[in-house]
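Here is what Swiss-Prot records for this protein:
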- 1-62: domain 'HMA' (DOMAIN)
- C11, C14: Co(2+) binding site (BINDING)
- C11, C14: Cd(2+) binding site (BINDING)
- C11, C14: Zn(2+) binding site (BINDING)
- 73-92: transmembrane segment (TRANSMEM)
- 93-102: topological domain 'Extracellular' (TOPO_DOM)
- 103-124: transmembrane segment (TRANSMEM)
- 132-151: transmembrane segment (TRANSMEM)
- 155-174: transmembrane segment (TRANSMEM)
- 309-327: transmembrane segment (TRANSMEM)
- 328-332: topological domain 'Extracellular' (TOPO_DOM)
- 333-350: transmembrane segment (TRANSMEM)
- D583, D587: Mg(2+) binding site (BINDING)
- 636-657: transmembrane segment (TRANSMEM)
- 658-665: topological domain 'Extracellular' (TOPO_DOM)
- 666-681: transmembrane segment (TRANSMEM)
Amino acid sequence: MQEYHIHNLDCPDCAAKLERDLNKLDYVKKAQINFSTSKLFLDTSDFEKVKAFIKQNEPHLSLSFKEAAEKPLSFTPLIATIAVFLGAILILHLEPSPFIEKAVFVVLALVYLISGKDVILGAFRGLRKGQFFDENALMLIATIAAFCVGAYEESVSIMVFYSAGEFLQILAIARSKKSLKALVDVAPNLAYLKKGDTLVSVAPEDLRINDIVVVKVGEKVPVDGVVIKGESLLDERALSGESMPVNVSERSKVLGGSLNLKAVLEIQVEKLYKDSSIAKVVDLVQQATNEKSETEKFITKFSRYYTPSVLFIALMIAVLPPLFSMGSFDEWIYRGLVALMVSCPCALVISVPLGYFGGVGAASRKGILMKGVHVLEVLTQTKSIAFDKTGTLTKGVFKVVDIVPQNGHSKEEVLHYASCSQLLSTHPIALSIQKACEEMLKDDKHQHDIKNYEELSGMGVKAQCHTDLIIAGNEKMLDQFHIAHSPSPENGTIVHVAFNQTYIGYIVISDEIKDDAIECLRDLKAQGIENFCILSGDRKSATESIARTLGCEYHASLLPEEKTSVFKTFKERYKAPAIFVGDGINDAPTLASADVGIGMGKGSELSKQSADIVITNDSLSSLVKVLAIAKKTKSIIWQNILFALGIKAVFIVLGLMGVASLWEAVFGDVGVTLLALANSMRTMRA
């Protein structure tokens with residue numbers, strides 16, 4: 001779908017209606033409007049027709065590929081209108097006379113037309129399209145009806161203060177949009193490409209792999225790369241949520257979007273912009289703000305019935321009592337108009353999505369990226385979490401602690417052939433074996449002789465070196481190839497090695513539990529998580545040791561498909577949504593099948609693609625943070641829903657009793673919207 005910017009979009013209800021209208025068009029396959037970022041995502045066969053349709057139905061809106069500069073909002077016309085209105089009312093009450101009354105009536109009529117210009121035009125546009133329950137149409141009906149029953153001052157005051165409230169609402173929405181827009185504006189928009197001795201300004205999207213870019217102090221690294229010259233400090237908080245600057249020097253890996261704080265750096269490009277870390281952050285935040293939560297979908301549906309229902313109630317209040325001789329029509333029409341004033345669901349339509357987007361924003365600033373706002377809802381319902389072990393609960397920094405040769409082979413041979421087989425693997429265990437080989441053997445001739453490499457998920461690898469077949473993996477791997485072997489010790493992770501179908505020994509590898517793992521599980525329990533489980537492809541002894549330390553159940557020696565099956569059983573046992581946290585390629589199926597899959601940031605690309613949430617800083621404490629954000633977001637959203645509906649219900653009752661006046665009822669509409677909007681902004685500070 002193509003992305004467009006919508007200019008002058010300041011009404012959430014109008015945005016929802018426009019989205020529905022666009023999706024009814026024959027030449028539009030799909031249209032989606034993101035009110036919080038003022039963007040239209042459109043799949044159409046005729047863009048010009050879409051532009052013409054929008055121009056005809058919403059003349060004040062316009063589309064463009066690029067975002068226009070924001071026009072400052074001026075308070076002057078609003079203040080002048082209010083001053084004229086209050087001055088006219090004051091003169092009328094201080095110097096009452098027939099001439100003054102006529103003059104003030106003319107002034108009030110002009111104030112009504114000036115302050116209500118947008119409402120009147122919007123009402124006629126809506127009525128022309130058959131939208132009789134449009135907010136503008138209802139406001140026009142209410143004020144004209146107030147004129148008809150002799151409430152001239154109140155009729156004008158409604159329009160003036162309603163327009164003032166709408167202006168403040170637009171101002172508040174603009175500020176909230178600016179806060180949300182900041183989340184997707186972390187990407188650099190310029191790069192300095194080095195060509196010989198000159199620097200050329202280019203867009204990050206135009207950079208190619210192996211290009212050399214210069215990053216000056218105070219500027220952002222344009223794409224992922226490696227430092228080839230210079231030493232500096234980088235602020236990576238936009239990516240990881242960590243405020244502590246990171247030291248970088250030659251050969252240090254750097255991430256696109258990092259802010260250079262200290263000295264000039266020369267960086268060699270390793271990834272295209274679309275594949276770099278910052279592009280993925282922007283895409284995830286954009287994707288999350290485009291999606292609607294179940295609560296938002298309910299509110300959207302609810303709002304379509306709410307306005308007609310309140311209008312019907314207002315009509316009944318205005319008509320029925322006089323028919324039963326309970327008062328005059330003028331009296332009950334006035335009371336009905338009070339109820340009519342609270343017929344707009346804007347407080348809900350605006351505050352609910354902004355609340356969720358604020359939660360997404362708060363999470364992203366802490367290095368927690370979500371792929372949809374629905375995740376926030378599910379997180380508040382879960383009571384169970386399952387973890388992968390290696391790299392998730394443990395540091396994933398493996399070290400070879402012992403080499404045990406068998407059948408007449410030496411330690412050097414076992415390590416050499418194991419490293420040979422693992423050369424093309426990026427698994428942490430493989431990297432530890434390669435590192436040990438480099439340190440012990442100082443030999444890398446075998447690097448050029450590897451072919452027919454194959455990784456068997458959850459078991460190990462096999463590869464051919466010259467004409468020799470090397471197999472390295474767990475006991476399941478040996479059983480698969482019918483290789484006889486002797487028992488291995490129960491402590492640590494074991495990599496068995498076979499050469500040409502002959503067992504030659506095993507390597508013992510150790511891993512450490514993460515420093516914050518115990519504290520994380522304790523804090524998760526305090527957040528209401530009751531059930532914990534470790535699902536690991538590692539052997540039983542290594543998994544059991546970690547599980548005993550953390551005090552949770554475990555399942556070991558699992559293949560990827562077995563891990564998914566066991567997780568499903570774990571979830572069904574507690575009959576509630578469950579979370580899975582993992583980081584490896586073999587975790588991808590389970591992450592995809594979980595109600596909420598959480599991928600650790602240093603894990604494989606496949607695991608991050610399968611996850612609903614990506615924790616960029618790789619810290620387990622972020623699990624506690626994201627649950628707290630989800631709960632606070634849900635609490636604030638339901639505060640808004642109950643507050644808005646409660647206040648509106650109160651004004652309907654007060655209108656029925658004849659206690660509330662029309663201008664007071666304006667607070668029940670615009671005032672409640674402003675308060676709900678302000679409350680929603682608290683989610684950004686979650």
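Every residue, even glycine, has its Cβ placed from backbone N, Cα and C.
Where Swiss-Prot records a feature, it is marked here on the structure.
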{"residue": "C11", "record": "Co(2+) binding site", "Cβ within 10 Å": "23"}
{"residue": "C14", "record": "Co(2+) binding site", "Cβ within 10 Å": "22"}
{"residue": "D583", "record": "Mg(2+) binding site", "Cβ within 10 Å": "26"}
{"residue": "D587", "record": "Mg(2+) binding site", "Cβ within 10 Å": "32"}
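You'll find the Cα of C14 (Co(2+) binding site) roughly 43 Å from the Cα of D587 (Mg(2+) binding site).
Residues 100-101, 104, 107-108, 111, 114-115, 153, 156-157, 160, 163-164, 167, 170-171, 174 of the same chain sit 6 or more residues outside the transmembrane segment (73-92) yet have a Cβ under 8 Å from a Cβ within it. In this chain, the transmembrane segment (103-124) lies out of contact with the transmembrane segment (636-657); the count of Cβ pairs under 8 Å, excluding pairs fewer than 6 apart in sequence, is fewer than 3. Taking Cβ pairs closer than 8 Å, the transmembrane segment (103-124) reaches residues 81, 84-85, 88-89, 91-92, 134-137, 139-140, 143, 152-153, 155-156, 159-160, 162-163, 166 in its own chain, all 6 or more past its ends. Rounded to a whole number, the distance between the Cα atoms of C11 (Co(2+) binding site) and D587 (Mg(2+) binding site) is 43 Å. Rounded to the nearest whole angstrom, the C-alpha distance between C11 (Co(2+) binding site) and D583 (Mg(2+) binding site) is 42.
The DSSP breakdown of the topological domain 'Extracellular' (658-665), given as helix, strand and coil counts, is 4 helix, 0 strand, 4 coil. Nonlocal intrachain contacts for the topological domain 'Extracellular' (328-332), taken as residues 6+ away from its ends with a CB within less than 8 angstroms of a stretch CB, comprise 149-150, 317-319, 321-322, 658. Beyond its flanks by at least six residues, the topological domain 'Extracellular' (658-665) meets 142, 146, 151, 154-155, 157-158, 161, 331, 334-335, 337-339, 341-342, 651 of its own chain at Cβ-Cβ distances under 8 Å. DSSP places the residues of the topological domain 'Extracellular' (328-332) in helix, strand and coil in these numbers: 4 helix, 0 strand, 1 coil.
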